[in-house]
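J.: Sharing the record's features from Swiss-Prot:
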- 48, 49, 50, 88, 193, 244, 245: substrate binding site (BINDING)
- 154: site 'Transition state stabilizer' (SITE)
- 234: active site, proton donor (ACT_SITE)
């Protein structure tokens, strides 16, 4: 079986990933033939976005089986999982996908067609992601009024998933239902996912989009130019606290101050029932060069100290609702999240 979307392409013996570091100027795919190459692609943000990372890791696990040569197969596959798992610590979909693949592996370890079984599980996961995103979009579109201007942060679109997107999936679904929507995409320093990816993606779809700098959002809210904020998520705690791209917390505070609804759009797989609150979510610290350089050019003095957390945590009191494929979760979040999860 094969898979081909804008984000990724699986041919049966390799995984091609759209190199999102080079967008919007160059559309180029990186071919991964080993699990180490997949791990490198995740770590270096060739592919990014929690759902996309999860499915990519699943295919990496499949390639890991092909990479096996001698010794204990179970020990080898544990090593494959560890290699993929340590690439990005915050996005829970990565660990969810790898745990799911490992379970299938141990259930079928003695089968002759083990590679095919694992490949089918990864493909199933990929196609499930598309359907889940469309369900998120349908549920979220009901919250968006005709003529709305939506502010979104980072990129939670087709590029962050297998296809369609979570936050941008809500916008797509609203448009498909006949509503007129305008989007403000903040640039999202330091990696500029909003300016580079979200703007590119929405323009491809013919959706009206404006790029704004990150520090414009509060003023635009105060002037009444923003009707709702819709963002994605990398990990959601049991109480609804949400880790997402750095800068999300600031937008949530500003939205609360200006009485603007703040929505998180994410699959149920992004909810981590082992994490009680946002204080327990690990935050990835990335390289200083991502802050001191832009487009390969230095923009800060040599030797300056840098902080570069990739994510922040928005507490549940700032969130209006969490939009999932199983429905819209409103406060009290912990109680209603447990109902959705069946725990």
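Every residue gets a Cβ built from N, Cα and C, even glycine.
Set these features in their place in the structure for me.
T.: Secondary structure at residue 245 (substrate binding site), taken from DSSP and collapsed to helix, strand or coil, is strand.
In this structure, residue 154 (site 'Transition state stabilizer') belongs to neither helix nor strand by DSSP; it is coil.
For residue 234 (active site, proton donor), the same-chain residues lying six or more positions away in sequence with a CB closer than 8 A to its CB are 50, 90, 91, 92, 93, 243, 244, 245, 270, 311.
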J.: Can you grab the distance from residue 48 (substrate binding site) over to residue 154 (site 'Transition state stabilizer')? Cα atoms, rounded to a whole Å.
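T.: Distance between the two Cα atoms comes out at 11 Å.
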J.: For residue 245 (substrate binding site), list the number of other Cβ atoms lying within 10 Å of its Cβ atom.
T.: 25
J.: With residue 154 (site 'Transition state stabilizer') as the reference Cα, tell me which of the binding-site residues 49, 88, 193 is the closest one.
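T.: So, of the listed binding-site residues, the one sitting closest to residue 154 (site 'Transition state stabilizer') is 193.
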